[in-house]
Structure formats: C-alpha cells, structure tokens
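Asker: Input: one structure, supplied below.
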Amino acid sequence: MNSPMRVAVTGAAGQIGYSLVFRIAAGDMLGKDQPVILQLLDIPQSLPTLKGVVMELEDCAFPLLAGINITDNPETAFRDVNIAMLVGARPRGKGMERKDLLEANGAIFIDQGRALDEGARRDVKVLIVGNPANTNALIAMRNAPSLMPGNFSSMMRLDHNRALSQVAAKLGRPVAGIRKMIVWGNHSSKQYPDLNHAEVGGDKVARLVNDPAWVEDHFIPAVQNRGTEVIEARGLSSAASAANAAIDHIRDWVFGTRENDWVSMGIPSDGSYGIPEGVMYGFPVVCKEGGYHIVPDLEISEFSKEKMQATYRELVDERDSVKHLFG
Ligand code: NAX
C-alpha cells in the first residue's frame with residue numbers, strides 16, 4: 001500500500017463538498033490502493049456542519065481514509081498537501097454586483113494562495129472550482145510566487161463533460177466514444193464549446209452531425225447555459241456533477257489523459273492560439289507524468305477565433321477589475 005496523500009478541500013461543508021469528499025475517500029480520484037488524509041477547510045460559521053460531514057465520513061469506515069483534519073485556517077489546511085481543491089467561495093449576495101463578487105472572492109484567494117505558497121508540497125496540484133474560477137485561480141497563483149504556474153489550474157471539466165454528453169445524445173453514441181472535445185476560455189456563459197476537432201470512432205463529429213445550425217443554435221448555448229438550467233430545475237447549482245468533474249480533472253492530471261484524447265483545463269495562458277499570457281484560460285490539454293501541456297497546432301476557423309477572443313476579453317475585464325489583488 002502507498003503512503004497516504006494529503007488532499008485539501010475548501011468549502012468542504014458546502015454542497016459540492018458533500019458530493020466530493022466521500023468519493024475521494026472511496027478512492028474514486030486517486031485509486032483503490034492510495035490512502036488519503038483529508039484536510040478540510042471552511043469558515044468558522046460552517047464548522048458545525050463540517051463536523052457532521054466528518055461524522056458521516058467516519059461512519060463510512062472507508063478503508064483508504066487514513067485521517068481527517070478540519071480547520072478554518074488555510075495554513076493548517078494546506079500544510080504538506082499533494083492536492084488542493086479550492087471549492088469554497090462566497091456566493092453572490094442580494095444586490096451584489098459581479099465586481100463585488102470578484103472583490104470578495106479575490107480576498108479569499110489571496111489568503112489561500114499565500115497559504116499554499118507557505119505550506120503546500122512543491123509539486124502540489126491546485127484546482128480552483130469556486131467562482132469566478134478562472135480569475136480566482138489567477139489570484140491564487142500570483143500570490144504563490146514560490147510555486148510554479150504549472151501547479152495551478154481552474155475547472156472547465158464540467159463544461160467539457162456537458163459538451164460530451166450533448167454530442168453523445170445527438171449522435172446516439174456512448175459518451176465514452178467521443179474524443180477531443182474542447183471548451184475554450186472562461187467558465188462562464190461566454191465560454192466557447194468547440195466540437196470542430198471532436199471525433200467518434202475515427203469520424204469527425206462535425207461531419208456526422210452535419211448541421212451547422214444545430215451546433216450554433218443548440219449545442220453551443222446548451223453547454224453555455226447548462227448551469228443556469230440546472231439551477232432552475234433543482235433550485236440549487238450543480239453539485240454532484242461539479243464534484244464529479246473535479247474528480248475527473250485531478251485523476252487525469254495525476255494519472256494522465258487517455259491515449260488519443262485530451263481534456264479541457266483552465267491553465268495559465270502562454271500565447272498559444274492567440275491568447276496572450278496573463279489569464280487562466282480553458283485549453284485542450286494532454287496530461288502526462290503529472291504535468292499538463294496544451295495540444296499544439298490545431299486548425300482554428302475564423303468563427304472559432306472570434307469566440308475564443310470574446311471569452312478572452314471577458315477574462316481580461318475580470319482581471320482588470322481586481323488588478324490591485326495580484327501579488
Ligand atoms: P455552497 O454555498 O453550498 O458551499 C460553499 C462553501 O464554501 C460553504 O460551506 C462556505 O461556508 C464555504 N466558504 C465560503 N467562504 C470560504 C472561505 N473563505 N474559505 C473556505 N470555505 C469558504 O456552494 P457550492 O454549491 O458547493 O459551490 C461552491 C463554488 O463552486 C461556488 O463558487 C460555485 O459558484 C462554484 N461552482 C463552480 C463550477 C465550475 O465549473 N468551476 C461549477 C459548480 C459551481 O457552480
């Protein structure tokens with residue numbers, strides 16, 4: 001048996017946390033021979049709820065669960081962690097503008113970036129889920145100067161998985177057969193789900209669909225607006241699917257993406273595909289040996305370029321509105 005890995009989850013008392021921590025403890029993320037120690041962070045008001053979650057974790061008697069720590073202190077939560085899943089964030093309150101939300105959450109991710117810088121393992125894998133996820137990830141990264149940009153990522157995987165399911169349903173093919181999907185840019189309604197490179201059984205999805213109007217008028221808005229639709233139906237935002245996407249994201253980052261495929265991850269832009277450095281942007285990436293790299297040399301249509309720039313501009317606006325928060 002391997003020695004335990006330390007996994008921090010922030011916002012662990014929240015609804016995504018409740019769908020996430022049991023699956024991590026069951027071995028769904030790091031494998032059935034990998035013990036884990038959970039380091040769970042939440043704010044003081046949520047600690048009583050978190051204690052209840054811990055009681056339930058204990059009651060599962062998970063063989064792989066080697067320890068649980070709970071705290072309201074980011075430095076304690078991130079000490080020696082291998083994996084940090086930053087889910088906790090402030091929800092948008094009544095009368096709160098988007099800018100106020102950026103500001104309130106920005107402050108959280110400054111502290112958490114510093115705490116990661118101070119205490120996490122140097123090869124820590126950090127995933128930011130809490131919204132606005134891409135910009136929060138940028139703030140955390142900039143406030144952790146002794147870690148590498150490659151330690152950080154933000155979550156596009158839920159959008160990616162939603163896109164796969166839309167295509168599988170349209171073609172009546174198993175979702176596992178769909179490869180090479182991309183969701184570019186921001187995790188917001190400006191994201192660009194791109195099926196131009198997607199394949200199923202060696203055929204191009206776009207050729208099989210053969211319906212540009214479906215792509216533009218149905219597929220793209222369906223993926224962009226899926227989160228809102230879930231809220232309307234459930235009265236709560238996506239939780240189990242978000243937790244599942246977070247598990248997929250980390251699992252692929254740790255173990256590698258499957259052959260002849262890639263995944264969408266929010267990562268630091270490096271100038272690829274006309275997206276200048278300085279934002280966390282959803283790119284198609286291949287994960288290998290614990291790292292990730294952007295899939296190079298894809299042909300990009302004019303239609304795609306325009307959508308990719310629109311989602312980039314939104315990220316620049318978000319970044320510029322909280323410029324003063326960068327380390
Ligand atoms: P909940 O409101 O159920 O839970 C949030 C938890 O975070 C609460 O327990 C709260 O006490 C805690 N929290 C607040 N401030 C904190 C801080 N400074 N440190 C630690 N914990 C803190 O929200 P939930 O539905 O779990 O969603 C969590 C976040 O994920 C939200 O920001 C949400 O917008 C975001 N999402 C991101 C997605 C993505 O694809 N990137 C998809 C799902 C989700 O909407």
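Cβ coordinates come from backbone N, Cα and C, glycine included.
The domain 'Lactate/malate dehydrogenase N-terminal' annotation in TrEMBL covers 5-146. The NAD(+) binding site annotation in TrEMBL covers Gly11, Ala12, Ala13, Gly14, Gln15, Ile16, Gly17, Asp42, Asn105, Gln112, Val129, Gly130, Asn131. For 157-324, the entry in TrEMBL reads domain 'Lactate/malate dehydrogenase C-terminal'. Marked as active site, proton acceptor by TrEMBL: His187.
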Asker: Looking at the binding-site residues Gln15, Asn105, Asn131, which sits with the largest number of other Cβ atoms within 10 Å of its Cβ?
Answerer: Asn105
Asker: Round to a whole number and give the Cα-to-Cα distance in Å for the pair Asn105 (NAD(+) binding site) and His187 (active site, proton acceptor).
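Answerer: One finds 15 Å between the Cα atoms of these residues.
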Asker: Determine, to the nearest whole angstrom, how far the Cα atom of Gly17 (NAD(+) binding site) is from the Cα atom of His187 (active site, proton acceptor).
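Answerer: Cα-Cα distance, Gly17 (NAD(+) binding site) to His187 (active site, proton acceptor): 19 Å.
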Asker: Taking the residues the record says bind NAD(+) (Gly11, Ala12, Ala13, Gly14, Gln15, Ile16, Gly17, Asp42, Asn105, Gln112, Val129, Gly130, Asn131), how far apart in Å are the two Cα atoms that sit farthest from each other?
Answerer: 20
Asker: How big is the gap, in Å, between the Cα of Val129 (NAD(+) binding site) and that of His187 (active site, proton acceptor), rounded to a whole number?
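Answerer: One finds 10 Å between the Cα atoms of these residues.
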Asker: Looking at the binding-site residues Ala13, Val129, which sits with the largest number of other Cβ atoms within 10 Å of its Cβ?
Answerer: Val129
Asker: Any same-chain residues 6+ apart from Gly11 (NAD(+) binding site) with CB under 8 Å of its CB? Would you list them in sequence order, or say none?
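Answerer: Once residues fewer than 6 apart are set aside, Gly11 (NAD(+) binding site) is near Gly17, Leu41, Asp42, Leu86, Val87, Gly88, Ala89, Gly130.
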Asker: To the nearest whole angstrom, state the Cα distance for the pair Asn131 (NAD(+) binding site) and His187 (active site, proton acceptor).
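Answerer: About 8 Å separate the Cα atoms of these two residues.
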Asker: How many Å lie between the Cα of His187 (active site, proton acceptor) and the Cα of Ala13 (NAD(+) binding site)?
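Answerer: The separation of the Cα atoms works out to 23 Å.
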Asker: Let's see if you can do this one: DSSP helix, strand and coil counts over the domain 'Lactate/malate dehydrogenase N-terminal' (5-146), in that order.
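Answerer: The domain 'Lactate/malate dehydrogenase N-terminal' (5-146) comes out at 66 helix, 27 strand, 49 coil.
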Asker: Restricting attention to the domain 'Lactate/malate dehydrogenase C-terminal' (157-324), give the mean pLDDT.
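Answerer: Averaging the confidence scores along the domain 'Lactate/malate dehydrogenase C-terminal' (157-324) gives 97.
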